[in-house]
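Structure record follows, encoded as C-alpha cells.
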Amino acid sequence: MIHVTCNQEAFELPEGASAMDLANKMKQSHCFVGALINDQEKDLSTTLQDGDTVLFLTWDDPKGREIFLHTSAHILAQAVLRLWPSAQPTIGPVIDQGFYYDFANLSISEEDFPAIEAMAKTIAEEKFPISRQVFPDKEAALAYFSQNPFKAELIAELPEEVEISAYTQGEFLDLCRGPHLPSTAPVKAFKLLRTSSAYWKGDPSRESLIRIYGVSFPTTKELKEHLHQLEEAKKRDHRVLGTKLDLFSQQTCSAGMPFFHPRGMVVWNALVDYWKRLHQRAGYQQIQTPQLMNRELWEISGHWENYKENMYTLTVDEEDYAIKPMNCPGCMLYYKTQLHSYREFPLRIAEIGHVHRHELSGALSGLMRVRTFHQDDAHVFLTPEQVEEETLNILNLVSELYGTFGLEYHLELSTRPEQGTIGSDDLWELATEALKRALVKSQKPFIISPGEGAFYGPKIDIHVKDAINRTWQCGTIQLDMFLPERFDLKYTNAQGEKSTPIMLHRALFGSIERFLGILIEHFKGRFPLWLSPEHVRIITVADRHEARAQELAKHFSQMGIIVSVDSSNESVSKKIRNAQNMQVNYMITIGDKELETHLLAVRTRDNRVLNDIAVEQFSHVILEELRSLSLTPSL
C-alpha cells in the first residue's frame, strides 16, 4: 500500500494506483482534468508514489483549463488529418484566448470550418482514451516522425537526456510533453475562429504555414457566452476606437511603435499625472535613467547573455551599446551613487522608463503588444524583515490605483521553480512566506502557482478584469535576490556591517501603452471626465453666437477644463452627433436664448439635456468631477 495526501487529507491506495484511482476513490473523477502531483502538472493516468501530494485540477483552474485546451488542439490536428491526410502538423500551443495549430502542406479557408468542426465533434463523441508513451531514445522518436520534418527538427534539438513523449487518441499520435485529458469526451463545445499565415518558428526565412485558431468548452452554454463576449470585444477593439477617437495611429515606418496624437496625449498625461501624485503620497522618489547604455552594463545584469535577441543593439565609437529593454539596471547604478544605511529603508525609487524590446512582427497588436513602451517601474530596497510590511504597502497601492479606474482584479503568487534558482532555501522560504502573509492581510483573492516564480525570487502577478470579464495581466511585484548581488549593492546594517539589500521590483500599470489599450476597451472609448481628451464642446447655432462661444471657451480653459468650439456650417444636430461620436462628455449649445440670458443649455453624451444652467454652477460641477476622479458623470 502507498499513502498520499490530497487537500490535506491522507489516503491509502494499492501499489501502482494512479491519480485517476484516487479521484475515483473520492467519487469526483468526472470533475477533474488533470492533477498537480508534488507541484508538477500530470495526467490523471500518472502512477502515484508513496508520500505524493496531489491537487486535482478542474476546468475552473487556469492550469486545468490549459490541459483542456491543449487536448482540444490535438483534436483539431486529428480532425484536419482525417480530412486532409497529406497535411503536416507542426505545433499547437495554448494561448490566452484558446489555442491554435500550425500546419504545412495545407490550404484551407474559413469555408472549411464547418467540416473541421463536425469532425472534431465526432472525435469527441468517439470518446477516445488518451494515453502517453515514452520513446526509448531520441533515435526511436526520430524514426517515428521521419516523415514530418518539423517534428523531427524539434526532436533533434532536444538534449540527449530529455524524456521524449507522445500522446495517442484513436489513430492520432502527436509529439507532446502533456499533460492531457483522460479522453476526448469532455470537449463538448468546439469552435474555430480564424486562420492566418505563420512562419515556422516565427522566422520569415523559414517555411510558410497556415495557422488555425480555435476555442473549446465543456458545455455549449459556455461556448455561446464566450462567442458573445468576442462579439462585444470587437465593438471595443482599442485599435478601431483609437483611430475613430483620434487617439493614436500605427505607421509602416515603425511597426510596433505607436504614434500618439494630441487627444491621445491628453489621456496619457492624465494617467501619468495621477501616477505621479499617487507615488509622491506613498513616499516614492522619481528618477530617470538613460535609454542607451553600453554592453558592460548589460553583461553585469545578465541581459547580454540571456536576452540579447530581444534587444536593439548598436555600435558607437567602436563600443557596443543597447537600448534598454528594462529599467532595472539603470536603477542599480543610481543606487550605487550614494552610501546607504538600513535607517533609510525601505528606499522607494520609481521611474516611468521608455523601453524597447524586439517582438516578432506577427506578435504585434495595437497597444497591447508593441516594441516600445513606457513601464512604470519602482524598485524598493529593504531588509528581509521589511518584506512583508512593504509588500502589503504595495498591495494597498495596487488596490487604490485599480479602484480609481473601477477595475476588479485578482492576485497570483508564483513560488520557487524546481531548478535554476539562486539564493538559499531559507531565504526563499522567508521571502515566499512574507509575500503570502502580505497577501492574506490584503484580504484580496489570490491563487498560488507552484514553481512559476522567477529564478531570482517569488512574485505576485496582478490580473485585471475588464467590463466584459476578460482578464489581463498588468502589474507585478517581484522579489529580486539577483540584481543586488550582480551589481554588488550594499548598505550598512544595524550591526554596522555591509549587507546586500533585498529588492522588491514592482510595476502597477505594467506598460502604460497596454494599460491605455485596456482602458479604451474597458470604457468602450467613453472615458470618465478626468481621463477624457475633450471635456466640453461648445456648439454654435449661428455665426452671431461665435463670440460668446469663444468667450466661454476661454473662461473654461483658464480653469483647466479641456474645451473646443464647433462653429462650423454643419447643422446643430450634426454637430451634436459629431461630438457624441467623439465621446465628448458635455456639449453646450449657444443660441439666441443663451446669448441673451447668459445661461447654458447642456447636453451629455448620453443625450440628457439640462437647460438654464448658470456658468458658475456648471464650472463648479465640472471641476469637482475632475478633482474627485469620478467614474460617473455629475450632470
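Including glycine, each Cβ sits where the backbone N, Cα and C put it.
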Candidate from Cys328, Cys474 that Swiss-Prot assigns to the same Zn(2+) site as His379, His505: Cys328
Position of peak Cβ density within 10 Å, selected from the binding-site residues His379, His505: His379
For His379 (Zn(2+) binding site): DSSP state (helix, strand, coil): strand
Mean predicted confidence [pLDDT] for the domain 'TGS' (1-58): 88
Listed in sequence order, residues not in Cys328, His379, His505 with Cβ within 8 Å of the centre of the Zn(2+) site Cβ atoms: Asn327, Cys331, Met332, Asp377, Ala378, Gln478, Asp480, Leu483, Met503, Leu504, Arg506
